[in-house]
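A.B. asks: Quick one: this structure, given as structure tokens, is what I'll be asking you about.
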Amino acid sequence: HQQQPPAAGRCGPAHRRRTVPSILRELAEKRQLSEEIMSLLQAQFSDLPRELHSWRQMADYSPEMRQFACLLHLYHIKAYDYLRKILPLPHPYSLTNWLSNNKAAAGFSSDIFLRLQEKVERGDQACRYCAVLVQDVSLQKQQEWDPQTKQLTGFVDLGAGILDADEAPLASEAIILMAVGISSPWTAPLGYFLVNSTSGHFLAQLLRQAIHKLNNVGIVVLAVTSGASARGAETARALGIRIDPKRIQCTFQHPPGSAHSIAYFFDVCHALLLIRNALQCFQKVEWLGDTMWWQHVVELAALGEQRVLELCSPESGRAGSKGSYHLKVNLATLLFSEGVAEALEHLQKLGLASFQNCSGTVKFVRLMSSLCDVFYGRGPYGKEPLLAGNYTKISNLFDEARSCFVNLTDSVGRYIIKSKRRLGFLSFLLNAESLKWLSSNHTCPKGTPSHHLHTHAFSLDPLEQFLRALQRACGSSSPTCAVFQAAYHKLLASCSLAPSSPSSSGNASPWDVSLSQRRALTLGSIRAQYHPAPERTLAPEYPYSAGLLLPSSALSNALTDLSLYTQSLTCTAGWVAEQLALDLQCEACLASLFEADESRLRCRSVLYIKKLGGVSLPSASVHHLTSISEQVLNRYGKVGGANKNTKLWYLCLEHKVFQELLGESPLFPTLTNHLFEGELSINNHYTVLVKEITRCYLNVRTHPTQHLNLKYPCGRHKLKRLKGKHLFPSPVGSCQSS
């Protein structure tokens, strides 16, 4: 369908002597159009008619006119509105169709919007309300020739066509938009736009186009979320959001001047990173008589593992004597969590000098943890924190946070809310107002109250997961335009709009350290800043701790001391647990790797662990998995065989381990190698832990080192020296995760 240009009778005689280039120059001189955009327009559209009357004589909008209109509207809405008074340009919302494409080309995805419209027309109420997320991805600037389309690629493309003039800039990033269900966790990638440079005003116009297009298919947008960054703040202001602690305006109207309002959120994880940066820079902040010291957090992260002496209880039979246990910091613990607050309190009770007078730090961390519970839908508020019974508690929490943030001062008494480190705190204040506004003003279909809103929809997490899957498909964190578009096409082809779709969520795992940048918010990241991680080596106290004899070794057949075998297996399992703990980013999963001393108080970020020499004792589950793996290796492994170290060989061993765990006969015996094709669809924390423990142990057991002289204990006998082929853990990179 070709849209006809409107009659241009408004182009009166006074305008006929003017040309399009001269008008563009006038706008640039008045600073209503940037020099960069003016140069791009002149270079790309040199074939467009110069005279105004020639535009009136066109039968329809040519592809070049469409590109010209879309580019001008997105980059400079005021310049576009001015030119509409002179040239026969369409209404801004008429450009939406020009910014759309089939398949996976740049622009809005027509197929996704058609599928959303079909769901709405079928009466799917969960699809009626959504939030729109926006995020950017870095691209490698590279010009390439596409033999299929017979076009140069790598240039800016907003959906109306590639801007491929010789003087046109190459694209350096892709802007991606996603719709997320608010009452049901469905996600829909709406499209992407290849740009060289962008601004908050550009993103604001792009968001308005996306909202308009969603409205056209029957979906109401209730919220928009961007990163807590300079560009995100500029986007918010361009939409009409006011981020002033004395007067916060958390909604904007769409269309402008209409009665429909849309709330604005900054991503919580981005805001937490900014607050962490502020605390690190100021070192000490005060509010209403309390003091938060950053050094307390640094000392906790650096604590590592500490041996603590205590008097044994009468029940142990050794009353009066001194026993010992080991404190180990769970480095996967998030900085702003209840676990950190509990750990600081407990270490203070133990009398450690570094943690005295930390009550203010505990109070601040606990406040931030409670805020995170609300916005991530966890903890005491559950997945639906806007339940009627929670509103009063949440409102009181937001009042407490506001009182804290507006009164925070640095060491010389300057208010942080007015400093250059204010954006993280302002982001939380804006999010709190937006959440309260949604709770008070929004109702779901058929009178369903607003407490069925899921607050996770207001973070960038769903989009971050999609971007992670996109990055894996690209094989690079900074792909070229051609690689990016091919990966996007592949991902879009498998995208399902069903709730919790694996293809759209990106199959995030505990080892997915890039998700929402949460790794930068753990105690481990803080420790790495102040104390670089040492090399991964075995503790010298037990050089035989991973020294299991190879099944093919004659020495193993002569081994009669089963206690050595059991102890060595335990130590190897403990080493596997320690290796996985170095990369694991899930607090609960990390804690499950070790045998903890439950008889003592156990904080979530401080574990009480038992030791065997220098190696932590593994949990019963880790020990069981390694025992099964050892049995499989003894039964089916061909160490030193011709097929050793092939991917298929390792997969077969893993498959045998899973069979043993199931305790059943082999499943699907006819599938053979086909069983290992395709991607894993069940990828939760439980299955990932089982898989990674098995892989790491098999990797250790199947990479023998050269002959070494090792000591090992034989019951109550003296240390004997054996010279034989022993097995040591492989280097750092050997414990790979998928």
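Counting starts with 1 at the first residue shown.
Placement of Cβ uses the backbone N, Cα and C atoms for every residue, glycine included.
As the structure is a computational prediction, the values presented were derived from the model and not from experiment.
So TrEMBL lists the following for this protein:
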type	residues	note
DOMAIN	26-98	domain 'THAP9-like helix-turn-helix'
DOMAIN	106-240	domain 'Transposable element P transposase-like RNase H'
DOMAIN	269-384	domain 'Transposable element P transposase-like GTP-binding insertion'
DOMAIN	456-489	domain 'Transposable element P transposase-like RNase H C-terminal'
DOMAIN	553-713	domain 'DNA transposase THAP9 C-terminal'
A.B. asks: Please give the average pLDDT for the domain 'Transposable element P transposase-like GTP-binding insertion' (269-384) in this predicted model.
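C.D. replies: Looking only at the domain 'Transposable element P transposase-like GTP-binding insertion' (269-384), pLDDT averages out to 83.
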A.B. asks: Counting each residue once, how many in the domain 'THAP9-like helix-turn-helix' (26-98) are helix, strand and coil under DSSP?
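C.D. replies: Taking the domain 'THAP9-like helix-turn-helix' (26-98) as a whole: 44 helix, 1 strand, 28 coil.
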A.B. asks: When DSSP states are grouped into helix, strand and coil, how many residues of the domain 'Transposable element P transposase-like RNase H' (106-240) land in each?
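C.D. replies: Grouping H, G, I as helix and E, B as strand yields 42 helix, 50 strand, 43 coil.
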